[in-house]
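S.K.: Here's a structure for you.
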Amino acid sequence: MASAAKHSTRDQTLDSSVVDQQATTFSISDLAREFHITPRTIRFYEDQGLLSPMREGRTRVFTRRDRTRLKLALRGKRLGFSLVEISYLIGMYDRARDKNTQLSEFLNGLQQRKEALLQQREDIEAVLQEVCNFEQQCRQLLLARAASESATTVVSSGTGSGVSKTASTAAGKAAKADKAA
């Protein structure tokens, strides 16, 4: 088992598929290792009613059915389905023996999810456009204010040459500091 930990993720997946073909039951750590999740995640799905392992004392013993249900739950999660939707899809596999019905219902769920994602993308693009517009307005305001402030700090002398008030104030302070030193 220590040598299995040295394998890459790809190797772990290959190793686990060999074990899957031979094993009829799995421990929580077997499933956690195979699917690259924590045992807590598996217990969460159990608490939600998606998995129902047998018990040998205090040890959970998962069947191939539990493994398949976990695989479907994780796939549903990756696709963005809610727990209720995942539960429905998994239940569909338990109820229906007609593969066409299963596929049709799954396809319907995928289409609904796709529509929701497309709407979210539209909403995100609209918000991003608003953010860009506000960002541009803020930059323009900052530039306008900076130009306005620099124009008001210029003090004209009698000869018409402009001297920056900030620069003359800084020069006066520097001269005072030199005298004090």
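All positions are counted from 1 along the displayed chain.
Backbone N, Cα and C define each Cβ position, glycine as well.
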S.K.: Looking at the ranges 89-119, 151-181, which is given as region 'Disordered' in TrEMBL?
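M.R.: Going through 89-119, 151-181 one by one, TrEMBL gives region 'Disordered' for 151-181.
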S.K.: By DSSP, what is the split of the domain 'HTH merR-type' (25-92) into helix, strand and coil residues?
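M.R.: When I sort the residues of the domain 'HTH merR-type' (25-92) into the three classes, I find 42 helix, 10 strand, 16 coil.
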S.K.: Between 0 and 100, where does the mean pLDDT of the domain 'HTH merR-type' (25-92) sit?
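M.R.: Within the domain 'HTH merR-type' (25-92), the model's average pLDDT equals 93.
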